[in-house]
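Notes follow once the structure below has been shown.
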Amino acid sequence: MSALRRKFGDDYQVVTTSSSGSGLQPQGPGQGPQQQLVPKKKRQRFVDKNGRCNVQHGNLGSETSRYLSDLFTTLVDLKWRWNLFIFILTYTVAWLFMASMWWVIAYTRGDLNKAHVGNYTPCVANVYNFPSAFLFFIETEATIGYGYRYITDKCPEGIILFLFQSILGSIVDAFLIGCMFIKMSQPKKRAETLMFSEHAVISMRDGKLTLMFRVGNLRNSHMVSAQIRCKLLKSRQTPEGEFLPLDQLELDVGFSTGADQLFLVSPLTICHVIDAKSPFYDLSQRSMQTEQFEVVVILEGIVETTGE
(Lines of atoms letter the chains of each structure in order from A and count residues from 1; the text may use other names and numbers.)
(Lines give C-alpha, C1' and ligand atoms only; values in the text may rest on other atoms or scores of the structure.)
Protein backbone atom coordinates (compact mmCIF):
# COMPACT_ATOMS: atom_id res chain seq x y z
CA MET A 1 0.00 0.00 0.00
CA SER A 2 2.87 2.38 0.72
CA ALA A 3 4.21 1.77 -2.77
CA LEU A 4 0.80 2.63 -4.24
CA ARG A 5 0.65 5.84 -2.26
CA ARG A 6 4.11 6.84 -3.41
CA LYS A 7 3.10 6.22 -7.01
CA PHE A 8 -0.45 7.56 -7.16
CA GLY A 9 -0.82 9.74 -4.06
CA ASP A 10 -3.30 9.50 -1.18
CA ASP A 11 -6.36 10.48 -3.23
CA TYR A 12 -6.02 7.62 -5.73
CA GLN A 13 -6.09 3.86 -5.37
CA VAL A 14 -5.51 1.17 -7.98
CA VAL A 15 -8.22 -1.44 -7.68
CA THR A 16 -7.16 -3.99 -10.32
CA THR A 17 -3.91 -5.14 -11.85
CA SER A 18 -2.98 -6.85 -15.08
CA SER A 19 0.18 -8.28 -16.56
CA SER A 20 2.02 -6.42 -19.28
CA GLY A 21 3.94 -8.66 -21.60
CA SER A 22 6.99 -10.78 -20.92
CA GLY A 23 10.71 -10.27 -20.56
CA LEU A 24 13.91 -12.02 -21.66
CA GLN A 25 16.31 -13.77 -19.31
CA PRO A 26 19.58 -15.40 -20.45
CA GLN A 27 20.37 -19.05 -19.68
CA GLY A 28 23.09 -20.17 -17.34
CA PRO A 29 26.78 -20.63 -18.22
CA GLY A 30 27.57 -23.03 -20.99
CA GLN A 31 24.12 -22.99 -22.49
CA GLY A 32 24.95 -20.64 -25.33
CA PRO A 33 23.23 -17.41 -26.31
CA GLN A 34 19.73 -18.88 -26.12
CA GLN A 35 17.20 -16.84 -24.15
CA GLN A 36 14.02 -17.84 -22.39
CA LEU A 37 10.79 -15.84 -22.10
CA VAL A 38 9.80 -15.26 -18.50
CA PRO A 39 6.78 -13.27 -17.33
CA LYS A 40 7.34 -9.84 -15.88
CA LYS A 41 5.88 -8.89 -12.57
CA LYS A 42 2.42 -7.43 -12.63
CA ARG A 43 2.10 -3.70 -13.03
CA GLN A 44 -0.75 -1.50 -11.96
CA ARG A 45 -2.66 -0.06 -14.90
CA PHE A 46 -4.28 3.35 -14.70
CA VAL A 47 -6.63 2.56 -17.63
CA ASP A 48 -7.57 -0.96 -18.72
CA LYS A 49 -7.58 -1.84 -22.40
CA ASN A 50 -11.38 -1.82 -22.34
CA GLY A 51 -11.30 1.86 -21.34
CA ARG A 52 -12.19 1.45 -17.64
CA CYS A 53 -10.19 3.64 -15.26
CA ASN A 54 -8.87 1.74 -12.23
CA VAL A 55 -9.19 4.65 -9.83
CA GLN A 56 -11.22 5.21 -6.71
CA HIS A 57 -11.58 8.71 -5.31
CA GLY A 58 -11.19 9.13 -1.60
CA ASN A 59 -11.53 11.81 1.08
CA LEU A 60 -14.03 13.79 -1.00
CA GLY A 61 -16.64 14.39 1.67
CA SER A 62 -20.42 14.12 1.23
CA GLU A 63 -19.83 11.88 -1.79
CA THR A 64 -23.29 10.28 -1.59
CA SER A 65 -25.10 13.61 -1.60
CA ARG A 66 -23.13 14.72 -4.66
CA TYR A 67 -24.27 11.64 -6.58
CA LEU A 68 -27.88 12.07 -5.46
CA SER A 69 -27.91 15.72 -6.50
CA ASP A 70 -27.47 14.51 -10.09
CA LEU A 71 -29.75 11.48 -9.79
CA PHE A 72 -30.51 11.15 -13.50
CA THR A 73 -26.84 10.84 -14.51
CA THR A 74 -26.25 8.48 -11.59
CA LEU A 75 -28.99 6.16 -12.83
CA VAL A 76 -27.65 6.26 -16.38
CA ASP A 77 -24.15 5.36 -15.18
CA LEU A 78 -25.34 2.41 -13.08
CA LYS A 79 -25.00 -1.14 -14.33
CA TRP A 80 -27.93 -2.70 -16.15
CA ARG A 81 -28.93 -4.99 -13.27
CA TRP A 82 -29.29 -2.03 -10.92
CA ASN A 83 -31.20 -0.04 -13.54
CA LEU A 84 -33.69 -2.86 -14.03
CA PHE A 85 -34.03 -3.34 -10.26
CA ILE A 86 -34.73 0.37 -9.68
CA PHE A 87 -37.11 0.44 -12.67
CA ILE A 88 -39.19 -2.48 -11.38
CA LEU A 89 -39.03 -1.36 -7.75
CA THR A 90 -40.16 2.20 -8.50
CA TYR A 91 -43.16 1.12 -10.55
CA THR A 92 -44.13 -1.55 -8.01
CA VAL A 93 -44.00 0.86 -5.06
CA ALA A 94 -45.87 3.58 -6.98
CA TRP A 95 -48.60 1.18 -8.07
CA LEU A 96 -49.08 -0.27 -4.59
CA PHE A 97 -49.13 3.22 -3.04
CA MET A 98 -51.75 4.58 -5.44
CA ALA A 99 -53.88 1.43 -5.19
CA SER A 100 -53.75 1.81 -1.41
CA MET A 101 -54.96 5.41 -1.72
CA TRP A 102 -57.99 4.31 -3.77
CA TRP A 103 -58.71 1.57 -1.24
CA VAL A 104 -58.48 4.06 1.65
CA ILE A 105 -61.00 6.37 -0.05
CA ALA A 106 -63.39 3.47 -0.61
CA TYR A 107 -62.91 2.30 2.99
CA THR A 108 -63.46 5.72 4.60
CA ARG A 109 -66.60 6.36 2.52
CA GLY A 110 -67.99 2.92 3.34
CA ASP A 111 -68.05 1.83 -0.30
CA LEU A 112 -66.65 -1.58 0.57
CA ASN A 113 -69.76 -2.51 2.58
CA LYS A 114 -72.27 -0.80 0.28
CA ALA A 115 -70.83 -1.91 -3.05
CA HIS A 116 -73.72 -4.28 -3.75
CA VAL A 117 -76.52 -1.90 -2.67
CA GLY A 118 -78.65 -1.13 -5.70
CA ASN A 119 -79.38 2.60 -5.13
CA TYR A 120 -75.96 3.55 -3.69
CA THR A 121 -73.43 5.50 -5.80
CA PRO A 122 -69.85 4.71 -4.71
CA CYS A 123 -66.73 6.76 -5.41
CA VAL A 124 -65.47 4.11 -7.83
CA ALA A 125 -67.93 1.61 -9.18
CA ASN A 126 -67.21 -2.09 -8.56
CA VAL A 127 -64.34 -1.50 -6.12
CA TYR A 128 -65.06 -3.61 -3.04
CA ASN A 129 -61.58 -4.77 -1.87
CA PHE A 130 -57.87 -4.05 -2.36
CA PRO A 131 -57.37 -6.25 -5.49
CA SER A 132 -60.27 -4.48 -7.23
CA ALA A 133 -58.77 -1.09 -6.23
CA PHE A 134 -55.42 -2.19 -7.61
CA LEU A 135 -57.03 -3.30 -10.88
CA PHE A 136 -58.85 0.04 -11.17
CA PHE A 137 -55.57 1.91 -10.78
CA ILE A 138 -53.81 -0.23 -13.40
CA GLU A 139 -56.69 0.11 -15.86
CA THR A 140 -56.65 3.89 -15.38
CA GLU A 141 -52.86 4.36 -15.38
CA ALA A 142 -52.27 2.14 -18.40
CA THR A 143 -55.31 3.65 -20.21
CA ILE A 144 -56.80 0.18 -20.65
CA GLY A 145 -60.26 1.23 -19.50
CA TYR A 146 -62.23 -2.01 -19.44
CA GLY A 147 -65.33 -0.02 -18.46
CA TYR A 148 -66.35 -2.25 -15.56
CA ARG A 149 -64.69 -0.01 -12.94
CA TYR A 150 -65.00 3.73 -13.30
CA ILE A 151 -64.95 6.85 -11.13
CA THR A 152 -68.22 8.67 -10.45
CA ASP A 153 -69.01 12.37 -9.98
CA LYS A 154 -70.08 11.86 -6.35
CA CYS A 155 -66.51 11.74 -5.06
CA PRO A 156 -64.51 15.03 -5.07
CA GLU A 157 -61.60 13.43 -3.20
CA GLY A 158 -61.43 10.75 -5.90
CA ILE A 159 -61.23 13.40 -8.63
CA ILE A 160 -58.34 15.10 -6.81
CA LEU A 161 -56.56 11.75 -6.37
CA PHE A 162 -57.13 11.00 -10.05
CA LEU A 163 -55.42 14.28 -11.04
CA PHE A 164 -52.52 13.54 -8.67
CA GLN A 165 -52.23 10.05 -10.12
CA SER A 166 -52.03 11.38 -13.68
CA ILE A 167 -49.32 13.91 -12.81
CA LEU A 168 -47.28 11.41 -10.77
CA GLY A 169 -47.55 8.76 -13.48
CA SER A 170 -46.31 11.19 -16.15
CA ILE A 171 -43.32 12.20 -14.02
CA VAL A 172 -42.34 8.59 -13.25
CA ASP A 173 -42.73 7.55 -16.89
CA ALA A 174 -40.70 10.49 -18.19
CA PHE A 175 -37.90 9.94 -15.66
CA LEU A 176 -37.52 6.17 -15.82
CA ILE A 177 -38.31 5.59 -19.50
CA GLY A 178 -36.05 8.51 -20.45
CA CYS A 179 -33.27 7.03 -18.33
CA MET A 180 -33.64 3.60 -19.92
CA PHE A 181 -33.77 5.06 -23.44
CA ILE A 182 -30.61 7.10 -22.95
CA LYS A 183 -28.80 4.10 -21.45
CA MET A 184 -29.79 1.86 -24.37
CA SER A 185 -28.72 4.47 -26.93
CA GLN A 186 -25.30 5.15 -25.39
CA PRO A 187 -22.50 4.61 -27.92
CA LYS A 188 -20.25 2.76 -25.46
CA LYS A 189 -20.81 -0.60 -27.13
CA ARG A 190 -19.73 0.93 -30.42
CA ALA A 191 -16.21 0.90 -29.00
CA GLU A 192 -16.26 -2.92 -29.06
CA THR A 193 -15.86 -2.81 -32.85
CA LEU A 194 -12.94 -0.35 -32.74
CA MET A 195 -9.77 -2.42 -32.62
CA PHE A 196 -6.34 -1.31 -31.44
CA SER A 197 -3.12 -3.21 -32.00
CA GLU A 198 -2.07 -5.37 -29.07
CA HIS A 199 1.39 -3.80 -28.89
CA ALA A 200 2.99 -0.51 -29.83
CA VAL A 201 6.40 -0.53 -31.53
CA ILE A 202 9.25 1.93 -31.95
CA SER A 203 10.95 1.84 -35.32
CA MET A 204 12.42 4.05 -38.02
CA ARG A 205 9.93 5.58 -40.45
CA ASP A 206 10.84 8.29 -42.97
CA GLY A 207 14.24 8.56 -41.33
CA LYS A 208 12.79 9.36 -37.90
CA LEU A 209 12.45 7.27 -34.78
CA THR A 210 8.71 6.77 -34.40
CA LEU A 211 6.30 5.20 -31.91
CA MET A 212 3.58 3.41 -33.90
CA PHE A 213 0.37 1.49 -33.28
CA ARG A 214 -2.65 0.64 -35.43
CA VAL A 215 -6.37 1.28 -35.09
CA GLY A 216 -9.19 -0.12 -37.21
CA ASN A 217 -12.98 -0.03 -37.52
CA LEU A 218 -14.79 -3.36 -37.95
CA ARG A 219 -18.19 -1.95 -38.94
CA ASN A 220 -19.17 -0.62 -42.34
CA SER A 221 -20.67 2.50 -40.75
CA HIS A 222 -18.16 5.33 -40.50
CA MET A 223 -16.92 7.30 -37.54
CA VAL A 224 -17.64 10.93 -38.42
CA SER A 225 -15.08 13.54 -37.34
CA ALA A 226 -12.85 10.89 -35.79
CA GLN A 227 -9.95 12.36 -33.85
CA ILE A 228 -7.21 10.57 -31.93
CA ARG A 229 -5.15 11.80 -29.00
CA CYS A 230 -2.43 10.22 -26.87
CA LYS A 231 -1.57 10.92 -23.25
CA LEU A 232 1.54 9.83 -21.40
CA LEU A 233 0.87 9.19 -17.71
CA LYS A 234 4.03 9.31 -15.69
CA SER A 235 5.01 10.46 -12.24
CA ARG A 236 7.64 13.16 -12.05
CA GLN A 237 9.18 15.65 -9.66
CA THR A 238 9.34 19.34 -10.45
CA PRO A 239 12.49 21.41 -9.94
CA GLU A 240 10.77 22.93 -6.89
CA GLY A 241 10.54 19.48 -5.29
CA GLU A 242 6.81 18.88 -5.89
CA PHE A 243 5.89 15.27 -6.68
CA LEU A 244 3.24 14.81 -9.37
CA PRO A 245 1.93 11.23 -9.16
CA LEU A 246 -0.16 11.26 -12.36
CA ASP A 247 1.33 13.90 -14.59
CA GLN A 248 -0.28 13.92 -18.04
CA LEU A 249 1.88 14.78 -21.04
CA GLU A 250 0.56 15.14 -24.58
CA LEU A 251 2.03 12.91 -27.29
CA ASP A 252 1.87 14.61 -30.67
CA VAL A 253 0.26 12.23 -33.18
CA GLY A 254 -0.18 14.81 -35.92
CA PHE A 255 -1.98 17.72 -34.28
CA SER A 256 0.15 20.31 -36.08
CA THR A 257 -0.29 18.65 -39.48
CA GLY A 258 -3.91 17.50 -39.11
CA ALA A 259 -2.94 13.82 -39.13
CA ASP A 260 -4.90 13.31 -35.91
CA GLN A 261 -8.13 13.76 -37.92
CA LEU A 262 -8.84 10.22 -39.10
CA PHE A 263 -10.76 8.90 -42.09
CA LEU A 264 -11.27 5.50 -40.52
CA VAL A 265 -12.42 3.36 -43.43
CA SER A 266 -9.43 1.01 -43.25
CA PRO A 267 -6.86 0.24 -40.51
CA LEU A 268 -4.53 3.16 -39.96
CA THR A 269 -1.08 3.39 -38.39
CA ILE A 270 -0.82 6.18 -35.83
CA CYS A 271 2.66 7.67 -35.50
CA HIS A 272 4.36 9.72 -32.83
CA VAL A 273 7.76 11.06 -33.85
CA ILE A 274 10.30 10.85 -31.01
CA ASP A 275 12.06 14.18 -31.47
CA ALA A 276 13.40 16.76 -29.05
CA LYS A 277 9.82 17.73 -28.05
CA SER A 278 8.78 14.16 -27.27
CA PRO A 279 8.68 12.92 -23.63
CA PHE A 280 10.47 9.76 -24.85
CA TYR A 281 13.43 11.70 -26.23
CA ASP A 282 15.63 11.24 -23.15
CA LEU A 283 14.75 7.55 -22.64
CA SER A 284 16.96 4.74 -23.88
CA GLN A 285 15.79 1.28 -24.88
CA ARG A 286 16.78 -0.15 -21.50
CA SER A 287 15.23 2.67 -19.50
CA MET A 288 11.91 2.28 -21.35
CA GLN A 289 11.75 -1.32 -20.12
CA THR A 290 12.19 -0.27 -16.50
CA GLU A 291 10.38 3.10 -16.41
CA GLN A 292 6.90 3.26 -14.88
CA PHE A 293 4.65 5.02 -17.38
CA GLU A 294 1.50 4.39 -19.37
CA VAL A 295 0.29 5.56 -22.77
CA VAL A 296 -3.46 6.17 -23.01
CA VAL A 297 -5.00 6.49 -26.48
CA ILE A 298 -8.29 8.42 -26.80
CA LEU A 299 -10.34 8.02 -29.98
CA GLU A 300 -13.28 10.41 -30.29
CA GLY A 301 -15.86 10.50 -33.01
CA ILE A 302 -19.56 10.61 -33.91
CA VAL A 303 -21.43 7.40 -34.67
CA GLU A 304 -22.84 7.77 -38.16
CA THR A 305 -26.04 5.79 -37.54
CA THR A 306 -27.12 7.53 -34.31
CA GLY A 307 -25.29 10.87 -34.39
CA GLU A 308 -23.87 10.31 -30.87
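One is the number of the first residue shown, and numbering goes on along the chain from there.
Even glycines carry a Cβ here, placed using N, Cα and C.
Here TrEMBL flags 18-37 as compositional bias 'Low complexity'. Taken from TrEMBL, the feature domain 'Potassium channel inwardly rectifying transmembrane' applies to 47-187. The feature domain 'Inward rectifier potassium channel C-terminal' is assigned by TrEMBL to 194-307. For 1-40, the entry in TrEMBL reads region 'Disordered'. According to TrEMBL, the feature transmembrane segment maps to 84-105, 159-182.
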Non-local residues, at least 6 beyond the ends, that sit with Cβ under 8 Å of the transmembrane segment (84-105):
75, 78, 111, 123-124, 127, 129-130, 133-134, 136-138, 141, 155, 157-158, 161, 165, 168-169, 172, 176, 180
Please work out the mean pLDDT for the residues of the domain 'Inward rectifier potassium channel C-terminal' (194-307).
85
